[in-house]
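Right, one structure below, let's go through it.
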Amino acid sequence: MSVAELKERHIAATATVNSLRERLKQKQQLLVDTDVAAYGRSQGRSAISFVSTDLVCCRTLQGHTGKVYSLDWTPEKNRIVSASQDGRLIVWNALTSQKTHAIKLQCPWVVTCAFAPNGQSVACGGLNSACSIFNLNSQVDRDGNIPVSQILTGHKGYVYSCQYVPDQETRLITSSGDQTCILWDVTTGQRISVFGGEFPSGHTADVLSVSINSSNSNMFVSGSCDTTARLWDTRIASRAVRTYHGHQGEVNTVKLFPDGQRFGTGSNDSTCRLYDMRTGHQLQVYSQQHDGDDNDIPTVTSIAFSISGRLLFAGYSSGACYVWDTLLAEVILNLGELQNSHEGCISCLGLSSDGSALCTGSWDKKLKIWAFGGQRRVI
Amino acid sequence: MISMLYFVVESMGSFCSRQQPLNEVDSDENKQAAKIDSRIAEETKAEQHIHKLLLLGAGESGKSTIFKQIRLLFQTGFDEAELRSYTSVIHANVYQTIKILYDGAKELAENEPNSLKYVVRADNKEIGEKLSEIGSRMDSPCLTKEIAKEIVTLWNDTAIQETYSHGNILQVPDCAQYFMENLERFSEVNYIPTKEDVLHARVRTTGVVEIQFSPVGESRKSGEVYRLYDVGGQRNERRKWIHLFEGVTSVIFCAAISEYDQMLFEDDTKNRMMETKELFEWVLKQSCFEKSSFMLFLNKFDIFEKKVHRVPLNVCEWFKDYQPMGSGKQEVEHAYEFVKKKFEELYFQNSKPDCVDRAFKIYRTTALDQKLVKKTFKLVDETLRRRNLIEAGLL
């Protein structure tokens, strides 16, 4: 068969797949009879009401000399690791706001960091297309820096996010600009599995985010520039379990819902969405009217759910940080309008393991910790 | 449908309530934190005077070659171990080149109207198939004298020569001729690549590479320290990481002006010059570069000046209003000035009013020409130093 004929067959096949996809989408739309908020209202529920003293900024972590790109909490002790454009990782004691470690990276272009489950190591990744691991107990070198313990190389594009597999110090998942996710064995530095890439059901554009299911760590969700989120089973790397459509823009962030049956996403289309993992349905869209011109709609950069899932925290490029009532799809507070809030794009956020505090990181070079105050109890 | 669990955690938030007064805080922790703070301050101060330069440009625009030249000019260059490390790269480049030519000849023979001239001689076909197979492997074998002879034979086949001269629609690398002409030397048993060979060697840049250097003036060091970054030209989503480079002193944008009749490696339906135009426009619009100087390197001039006579500029959509003037050197200058003007217009169309102060200079370069790169860089250095003084209020 000649090259021209092959090309034609390829075009025809692509058209067939696209039309099938459209029909599937339409069928799915027909099956959706309601969304979470409509159902909630029909059950007589009303939104939680928050006043500005219910969630207050009680710590500001200063020290980075560049934009903060990523943060992660330790699973038990209250420490946070943050990564910044200044080429450093800083580990903070969240209670005292003191720095306990600062690591100057060989390649300063870092965009993601993560704490190991035992809190003894941190991982980071960025433009060097690799994920570097540092053991915080290592002897520091002459310049006061911690030497790198392991470098995970193999990606063919920038590493945009990384997460340790919960309860497994030795496994880590990264997502990359090379359109794949990789599961690594940290001790040997070897790739265990590659998700996507050559295989047809992988992402078709840069993968920006991963979230591992803590109820079942064999499953994880990824979000990509191709506007979809995909569910993967680490035991079957050859194809994605399911693909979730709906967003009109790239999916910057994905987060598993606390019960492990659903997950949330945040996108350049300025909305967050809640998906049902099993059926693939889009359960709810969280979207707010924004003022300002159409060219500058704020993007959702990061999200997190509260312990029960009743609250959805979403950080935006405009500096807004909405607290959504997940059930009724209403914004009940905007941290960006409170006293002491950030002065720039919110690039990352995360909830402490006991759910009592939220940390936000921003391009204003600072991190802030917000806690439930007054009569408000943690939900 | 969904039942939401709404459970309340009994313990109060551990943060707001536990405001520990400073004198109760662990003093060891305090000392450690203070040490860290002073280290950060020292490191930041030490880096303040370093000018960061970012190399941008489409794939194969010559960024990596400029990068290598800067190493050769202002650093200690390549030591023997590093030169040796390029042997396998150059051998691989040779196999890749001949494969592209042989496969290309086959494709042209199938699709072009005048197809007979692309048909390789019968007794060269076997060599061609063998070389094509080798070229597709991940790890190429060493280049032996025997294989080199076979490659020369194939290279001299008129069909291959014909393919080479119509190389624009294929992905024939610009230095194909250089590789073919030096085959005998490359296949020597003790071959160690020369600096020139290294400059021609082609490896796709992955990740980020950087070098720090201080350009030497005529009689003494100018004192300025530069750090040059090359981020590679792949077509992944630049907008996801470009803002990491906010505040660089200068963007050095490389545009290979000889590519106006060639297609992209990543997408052979897209014209390379159009891709460069779009990329340049995009870079200009990025708010993170509002304060950065722009140095535009119109690169591969040596290839441009030869091509202009054979292939009219207006095969590229952006240059469709080009009117040739004459011939010979005058025509080359005329064509170059036309292209330069196009880039200038593009620059001004895409720079916001508040970027008016931004320095913008265009340089005609041939990245493989060391003298020219050195001269160009001197000019860049002068511009940036001048800029520095202006900003400090001293000029």
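Backbone N, Cα and C define each Cβ position, glycine as well.
Those TrEMBL annotations? Automatic predictions, nothing curated.
TrEMBL annotations:
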BINDING   B:60-65, B:199-205, B:230-234, B:299-302, B:Ala367  GTP binding site
BINDING   B:Ser64, B:Thr205  Mg(2+) binding site
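Here the features listed in TrEMBL are painted onto the structure.
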residue: B:Leu199; record: GTP binding site; contacts (Cβ under 8 Å, 6+ apart): B:Thr65, B:Lys68, B:Gln69, B:Leu72, B:Ala367, B:Leu368
residue: B:Arg202; record: GTP binding site; contacts (Cβ under 8 Å, 6+ apart): B:Val89, B:Asn93, B:Pro173, B:Cys175
residue: B:Asn299; record: GTP binding site; contacts (Cβ under 8 Å, 6+ apart): B:Ser61, B:Gly62, B:Ile66, B:Cys254, B:Ala255, B:Ala256, B:Ile257, B:Thr365, B:Thr366, B:Ala367
residue: B:Asp302; record: GTP binding site; contacts (Cβ under 8 Å, 6+ apart): B:Thr366, B:Leu368, B:Asp369
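In the structure as shown, the Cβ atom of B:Glu60 (GTP binding site) sits within 10 Å of 22 other Cβ atoms. Separation of the C-alpha atoms of B:Gly232 (GTP binding site) and B:Ser64 (Mg(2+) binding site): 8 Å, rounded to the nearest whole number.
Residue environment of B:Gly232 (GTP binding site) contains 19 other Cβ atoms, counted within 10 Å of its Cβ in all protein chains. Just so you know, the Cβ of B:Lys63 (GTP binding site) picks up 27 other Cβ atoms within 10 Å once every protein chain is counted.
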